[in-house]
Amino acid sequence: MSEVERALDVLLQEAEELCIGSSVVELDRIPTALEFCREFYSKNQPVVIRKALNWPAIGKWTPKYLIEALGDRSVDVAITPNGYADGLATQNGQEYFVLPLETKMKLSEVVRRLDDPTGAVHYIQKQNSNLSVDLPELAADLRVSDLDFAQQSFNKPPDAVNFWLGDERAVTSMHKDPYENVYCVISGHKDFVLIPPHQLSCVPRGIYPTGVYKTSDSGQFYIEPLRDEEGSDQFTEWVSVDPLSPDLAKYPEYARAKPLKVRVHAGDILYLPNYWFHHVSQSHKCIAVNFWYDLDYDSRYCYYRMLEQMTSARSG
């Protein structure tokens with residue numbers, strides 16, 4: 001065992017003993033800003049707040065209501081053959097990191113497509129503050145003051161407020177984000193698999209050529225490689241393992257990961273701290289809204305960057 005591997009091993013052991021439990025903490029009430037900051041934000045620990053939201057959106061945002069109120073509204077939609085927007089797929093023996101086919105559609109048409117289990121998978125998941133940009137009328141059904149505990153702790157407004165709508169085939173493959181994520185489920189449920197940042201060395205990652213889904217004249221999906229202005233292939237680092245069915249023979253390091261699993265129901269809030277790996281699946285026609293807050297680039301970020309370099313040095 002190298003000195004780097006020994007140091008990473010110490011980190012895994014001590015973090016397991018001191019920091020992370022075997023399940024995500026659950027609360028039955030919204031915490032004060034002080035409680036949230038002290039117990040979760042400052043410790044980079046996730047928490048689920050059960051039945052926290054008494055918003056008009058809960059119960060109101062049905063597919064029928066969305067069609068009647070905003071059915072003619074044009075929205076960005078991600079389309080894939082398998083439900084994995086921003087994920088790995090293979091074509092002609094080559095594995096790619098693949099972006100979805102993105103297009104504009106009427107909201108009513110998206111909802112209709114969700115009831116076709118044999119067709120392509122349509123998912124409203126544009127992470128550009130699409131609720132504010134495409135569906136601003138829906139903001140009136142959110143009582144964002146319920147999230148003051150988070151905003152006061154982060155001491156900043158959200159960078160983006162995103163609207164999510166898809167069927168049970170839509171999956172978000174495992175990844176991490178440089179954001180504090182306050183995730184609110186409006187209808188249905190979301191299933192999260194979470195891995196803390198200190199387990200970075202347990203999560204296998206690879207560098208993959210980047211592609212995007214396209215459709216042929218016959219409607220068949222294919223992957224078109226992305227290239228830069230000089231014609232060179234583009235590449236993306238991405239998590240190699242599927243946490244729902246990990247190939248431990250191929251990725252033995254993942255055996256040391258200790259994923260946390262949690263189901264977030266309608267009316268629940270999940271606080272997902274920055275740089276936590278997460279994989280997300282969902283129920284049919286699940287609707288959610290999440291609030292992204294940029295992370296503070298403080299000493300914790302510096303330590304995480306050091307961990308990235310140590311993990312790379314071990315692999316290299």
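Cβ atoms are placed via backbone N, Cα and C, with glycine included.
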Looking at cysteine sulfenic acid (-SOH) as annotated by Swiss-Prot, pick the matching residue from Cys19, Cys202. Cys19
Can you tell which of His278, His284 Swiss-Prot lists as binding Fe cation with His175, Asp177? His278
Which of Lys106, Lys190 belongs with Tyr123, Tyr183 in the succinate site listed by Swiss-Prot: Lys190
Other than His175, Asp177, His278, which residues of the same chain sit close to Fe cation? List them in sequence order, counting a residue when its Cβ is within 8 Å of the Cβ centroid of the site. Thr172, Met174, Lys176, Leu272, Trp276, Phe277
For Asp177 (Fe cation binding site), which of the binding-site residues Tyr123, Tyr183, Lys190, Trp292 has the nearest Cα in space? Trp292
Between any two of Tyr123, Thr172, Asn181, Tyr183, Lys190, Trp292, the residues recorded as binding 2-oxoglutarate, what is the biggest Cα to Cα distance in Å? 20
Rounded distance in angstrom between the Cα atoms of Cys19 (cysteine sulfenic acid (-SOH)) and Thr172 (2-oxoglutarate binding site): 26
Near Lys190 (succinate binding site), which residues of its chain come within a Cβ-Cβ distance under 8 Å, counting only those 6 or more away in sequence? Tyr183, Arg263, Val264, Leu270, Val280, Ser281, Gln282, Ser283, Cys286, Ala288
